[in-house]
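Novice: I have a structure I would like to understand better, so I am pasting it below and will then ask my questions one at a time.
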Amino acid sequence: MASDNLVVLNALDTARTQWYHVTAVIIAGMGFFTDAYDLFCITTISKLLGRLYYYDPTTHVPGKLPHVANNWVIGVALVGTLSGQLVFGWLGDKLGRKKVYGLTLILMVLCAICSGLSFGYSAKGVIGTLCFFRFWLGFGIGGDYPLSATIMSEYANKATRGAFIAAVFAMQGVGIIFAGLVSMIISKLFLMKYEGKPFDVDEILSTEPEADYVWRIVLMLGALPALLTYYWRMKMPETGRYTAIIEGNAKQAAINMGKVLDIEIQAEGDKLAQFKAANEYSLLSNEFFQRHGLHLIGTMSTWFLLDIAFYSQNLTQKDIFPVMGLTSKANTISALREMFETSRAMFVIALFGTFPGYWFTVFFIEKIGRFRIQLMGFFMMSVFMAIIGIKYDYLKTKEHKWTFATLYGLTFFFANFGPNSTTFVLPAELFPTRVRSTCHALSAASGKAGAMISAFGIQQYTQDGNVHKIKTAMILMAVTNMVGFCCTFLVTETKGRSLEEISGEDGGKNETQMKTSKPVSGHQDDGWE
């Protein structure tokens, strides 16, 4: 009910799409580019770390990270991300989005650099310090999830809000591509000058000493995009919604938004006290649970289930590629050649499978809607993973490697033209301004809990290349996606409406609210509409 909303918020909802909207997408999106690069570049270097620090000459096989070390190297950043999401999400609601937005980038820059400077030459020293810095890197990355989503949702107009939030998240796809591309370029440059002999020719010289610089350079380059974005983040004003609704300063909200958007806003104080009074319930209140409890359960459960499958796909690529025939067997190539081939395969899968899905979501989210895209994505992921799991013995043969690659790529496509994008968008729209950042953080943290199950659990099934275990992992992920399909029915469609209408902050009755003990309009509330 636009008539019950504040003038400054109506102005934001109806503002034409203009250059500052695009600028905000880029500023917020570069954070996600950095996030994805930092989280997924570890996939390209983990095998190199094993060959550098865990080679045992008595075994006559290439060095490999032990299961525990491998799980921690890959999973510790996810633990940090979960922690950062909860802390920064809460701070975003308590202190304001702008005040803590820059801190996430500072953490990412410092810890990306320190990750590449991990101390010592012993396996324990290097892996221990690498895990320490990657935890804090993940902590900074975690803060970007709720803050970027919330800021973009509160800046955007209601006609294109979903597309803008999805575009911010789509930069994750670009980051994954660059994680593969940068790793591929750096390893190729070193190969041109320092390529060692294949492992089956010379076990010692197959691991190039110069490779110790390669993984460090790849990790440290993750600091660059975050560093370039910091200045522009600090120039962004606080969102109009936070300033008006939480700080209670409609005049300042009008001034801030008038500076960056080409709209005329008149300050309005008459309805502000009444507007604030109707929306002062806390996250842990009975009022919140009655209005938004099912939605929070829905956004948390779907993101949790999605990330079990999505991160399993991404983090276990290095183990699946040799089976698909996209990389050579480790004992026939050198350490840097193995990294190059892994990076190349990751780049190709990301470019043709992962990347397009993100942008299909951007282009179709306001036409198809969040709800239908999420249902479709979960269902199609489940179908393709089930096919891979059931027909794995057939697909893993050399003659069918491109069929395998196509099916594998389609699971990425429908993850991103599906729940990987929509689980990010919906929590930024469903909840009231007072707790929007916290609710998004809780949803995202649930996702990272699922990712941790992938890193510390699913990887156990794929790391040794055991056919039966990989089939089991694929079937498990197919079942997980079908459960996610069912949990999607706990959320609802949000396209085309203002944030205040969706959350009930404008005092109107709307279909996204559950039955409340206090009627929010003048007519009877029968629960779901």
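Using the three backbone atoms N, Cα and C, a Cβ is placed for every residue, glycine included.
Straight from TrEMBL, here's the annotation block:
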DOMAIN    24-496  domain 'Major facilitator superfamily (MFS) profile'
TRANSMEM  72-91  transmembrane segment
TRANSMEM  100-119  transmembrane segment
TRANSMEM  163-186  transmembrane segment
TRANSMEM  213-232  transmembrane segment
TRANSMEM  345-365  transmembrane segment
TRANSMEM  371-390  transmembrane segment
TRANSMEM  402-419  transmembrane segment
TRANSMEM  473-492  transmembrane segment
REGION    500-529  region 'Disordered'
COMPBIAS  510-519  compositional bias 'Polar residues'
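Are these features on the surface or tucked inside, and what are their neighbours?
Specialist: Distant neighbours of the transmembrane segment (72-91): 38-39, 42-43, 46, 49, 65, 99-100, 103-104, 107, 127, 130-131, 134-147, 311, 315, 437-442, 444-445, 448-449, 451-452, 455-456, 459; these residues of the same chain sit at least 6 beyond its ends, with a Cβ under 8 Å from one of its Cβ atoms.
Remote same-chain partners of the transmembrane segment (100-119), defined as residues 6 or more beyond its termini with a Cβ less than 8 Å from a stretch Cβ, comprise 31, 34-35, 38, 84, 88, 91-92, 125-127, 129-130, 133-134, 136-137, 139-144, 147, 151, 215-223, 226-227, 229-230, 233-234, 236.
Same-chain residues lying 6 or more positions outside the transmembrane segment (345-365) and placing a CB less than 8 Å from one of its CB atoms are 40, 43-44, 162-163, 166-167, 169-170, 172-174, 176-177, 179-181, 183-184, 317-318, 321, 324, 326-327, 373, 405, 408-418, 420-422, 425, 495.
With a threshold of 8 Å between CB atoms, the same-chain residues lying at least 6 positions outside the transmembrane segment (473-492) that come near it are 294-295, 297-299, 301-302, 305-306, 308-309, 312-313, 316, 370-371, 374-375, 378-379, 381-383, 385-386, 388-390, 392, 419, 426, 430, 458, 461-462, 511-512.
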